[in-house]
């Protein structure tokens, strides 16, 4: 992570949200548990959203209407961003009118047809992504829909971010369908599992879509995206309960056969500064740490993208055991650790990493060290491993007066 401030804020925010949700959930659930019994069934279908139609009850006209999906498009309010993450320029949420200047920019990339404009109303189209195909589709038209039935628990694997009300309507519809199809299944619990297999931005209700805030402008298949999904998942739920197969649907574009364009520059080479070595600990840990303290060490490093260390770790906090062996007590997967990389010289290819360990309250006193593992890219070719180990330090229990 290049920025030493913003990533911390995001991590801290995530930590606060996670632990708050966990504590309230633990308080609400208590010791209550329910045993899940029954068959395991999975159904999956690819859906070409712009070609789908559905029935929709118009509360204004009090009539059933036949509605259909649209080619993907992003609205003006998409560029406005969200309340806690605003966008650039003068875009604002709630925009339902277009601007000639931005339309000119849009048309240079891809001009929407009159049908596209009508289909997405009241969303003014800023990016006609459904008509942008170079070097490949900018947004998916064929999405993955999936439903998993485990006894009385139903997982609806959805290809986008459902708003709270959209998710509630989906849960209610799936639950109703399961109960209607097989009344013997009691206490149906439906879980919306977001971002499964495909990402197609947001899914709002038709009412939310009319307001055209960020989420509505990011609902790419038009005002009745949710309406179409409700019918799709109703059909999937019926087939899952009855144990019947579903048609696979159209085959989506296989992007793995094409080399995806990356704007991330490759790692050319790594080299430590003069007199240094990869893995060398250039900032030692304090000799004594207590619960709540932060142990902070730095190492000469290669670029982390040389090896993503999948299945392993860039760092390990280790404790010395009585038999003189070291036991790993924390890795880069733990909340209590931070791994920060920074380039110290682009010309020389020099880098350093900082490892921070916030000593937890539950720590076992003893002798500790911090180990860093990484890879460096040699200027003449090849990627090679290295290891760095900090000085030993003592972790002692907190002192109370």
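From the backbone N, Cα and C atoms, a Cβ is placed for every residue, glycine too.
Unlike curated entries, TrEMBL annotations are predicted automatically.
The DSSP secondary structure for residue 161 (Zn(2+) binding site) is strand. Positions annotated as Zn(2+) binding site by TrEMBL: 161, 202.
As annotated by TrEMBL, domain 'Neutral/alkaline non-lysosomal ceramidase N-terminal' applies to 30-230.
Annotated domain 'Neutral/alkaline non-lysosomal ceramidase C-terminal' per TrEMBL: 235-395, in sequence order.
Summarising the annotation, TrEMBL assigns signal peptide to 1-30.
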Over the domain 'Neutral/alkaline non-lysosomal ceramidase N-terminal' (30-230), work out the mean pLDDT and round it to an integer.
94
For residue 202 (Zn(2+) binding site): DSSP state (helix, strand, coil):
strand
Cβ neighbours of residue 202 (Zn(2+) binding site) where a neighbour is any other Cβ within 10 Å
21
